[in-house]
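Below is one structure, written out as structure tokens; the observations come after it.
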Amino acid sequence: MATMDFSKGHGTQNDFVVLPDLDVRVDLEPARVSALCDRQRGLGADGILRVARAGALADAGVLGALPDGVAAEDWFMDYRNSDGSIAEMCGNGVRVFAHYLKASGLESKDEFVVGSRAGARPVVVHGYDATHGDVTVAMGPIKDLGTSSATIDGRVFAGVGIDVGNPHLACVDEHVTAEVLSALDLSVSPGFDPGFFPHGVNIEIVTPIHDGGVHMRVHERGVGETRSCGTGTVAAAAAALKFDGRDEGSVLVRVLGGEVQVTVEGGEGSLRGPSVLVANGTISDAWWQSLV
């Protein structure tokens with residue numbers, strides 16, 4: 001093929017290159033993914049969302065087996081971090097993925113399942129057009145992994161390990177205000193306990209709940225600081241509720257890229273927020289092949 005189609009989108013400024021690859025012909029070798037996501041030599045993105053049916057990915061050997069609850073006919077979000085590593089789940093990515101399916105005409109229903117390596121994620125597309133979408137994602141179980149800590153700017157932040165399909169360390173600190181949060185240096189990877197998180201961890205620094213909301217910044221494994229992290233907002237909301245002495249509730253989570261609404265109920269989380277599709281185009285196959 002001479003070119004590859006792509007779309008560029010973001011969920012609260014957590015941005016992605018969307019690659020429709022229904023026949024699973026594109027080789028997402030890490031060096032290629034890294035180049036495509038590079039903001040100087042590629043398109044620039046926090047990650048790549050490959051669009052294909054789960055069964056097609058399994059047949060091609062991309063998936064060893066279908067994850068829990070995912071059927072062969074389900075659309076599957078094959079997510080790659082900007083360094084080329086594979087991630088189990090991305091909440092902002094699912095919103096953009098679902099919006100793309102609707103806007104491109106690949107999906108006709110407003111409620112459907114998106115498969116991920118963390119399992120099936122039911123979505124509801126409340127409204128959309130070619131540019132803007134409003135999507136809720138059922139994020140699945142929220143698992144408390146126990147307490148740990150992160151070191152940022154020479155300061156130790158106590159936090160709770162939370163699994164939302166991928167590992168997080170959400171640190172709620174009573175001394176952290178929005179102003180203190182904005183001054184933190186997240187350009188350097190935070191320190192964490194590799195024995196507690198042997199596969200790395202996404203780290204959130206979170207303010208306590210005030211007027212129903214929190215502020216959050218996040219350092220994502222394999223990426224660095226991003227302007228938003230969907231699973232991170234769920235982890236942050238769950239940790240903030242726990243800090244507030246509650247197991248359930250709704251929290252408005254404010255990130256650098258905007259706001260999302262997280263609801264925690266019955267040990268599971270849901271995430272509602274915007275999606276924006278900003279561009280469509282083609283990638284030169286000659287450039288792509290030169291990356292090998």
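Note that Cβ sites are derived from N, Cα and C of the backbone, with glycine treated the same way.
Not measured: the values here are computed from a predicted model.
Under the heading active site, proton donor, Swiss-Prot lists CYS90. Among the features that Swiss-Prot reports, active site, proton acceptor is placed at CYS229, with the record citing sequence analysis. Here Swiss-Prot flags ASN14, ASN81, GLY91, ASN92, ASN166, ASN202, GLU220, ARG221, GLY230, THR231 as substrate binding site, drawing on sequence analysis.
Here the features listed in Swiss-Prot are painted onto the structure.
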residue: ASN14; record: substrate binding site; contacts (Cβ under 8 Å, 6+ apart): ASP46, CYS90, ASN92, GLY93, THR226, ARG227, SER228, CYS229, GLY230, GLY257
residue: GLY91; record: substrate binding site; contacts (Cβ under 8 Å, 6+ apart): GLY11, VAL137, MET139, VAL164, CYS229, GLY230, THR231, GLY232, THR233, VAL234, LEU271
residue: ASN166; record: substrate binding site; contacts (Cβ under 8 Å, 6+ apart): ALA87, GLU88, MET89, ALA118, ASN202, THR231
residue: GLU220; record: substrate binding site; contacts (Cβ under 8 Å, 6+ apart): ASP46, ASN81, ASN202, THR226, CYS229, GLY232
**Study point:** Number of Cβ atoms other than its own within 10 Å, given for CYS229 (active site, proton acceptor)
**Key:** 33
Practice item. Rounded to whole angstrom, what's the largest C-alpha distance between any two of ASN14, ASN81, GLY91, ASN92, ASN166, ASN202, GLU220, ARG221, GLY230, THR231, listed as binding substrate? Key: 17
Exercise for review: Determine which residues of the same chain, besides ASN14, ASN81, GLY91, ASN92, ASN166, ASN202, GLU220, ARG221, GLY230, THR231, have their CB within 8 A of the center of the CB atoms at the recorded substrate site, and list them by sequence.
Suggested key: ALA87, MET89, CYS90, GLY93, VAL218, VAL223, THR226, CYS229, GLY232
Practice item. Count the Cβ atoms, other than its own, that fall within 10 Å of the Cβ of CYS90 (active site, proton donor), considering every protein chain shown. Key: 30
Check your understanding: If H, G and I count as helix, E and B as strand, and all else as coil, what does DSSP give for CYS90 (active site, proton donor)?
Key -> coil
Practice item. Specify the count of other C-beta atoms within 10 Å of the C-beta of GLY230 (substrate binding site). Key: 28
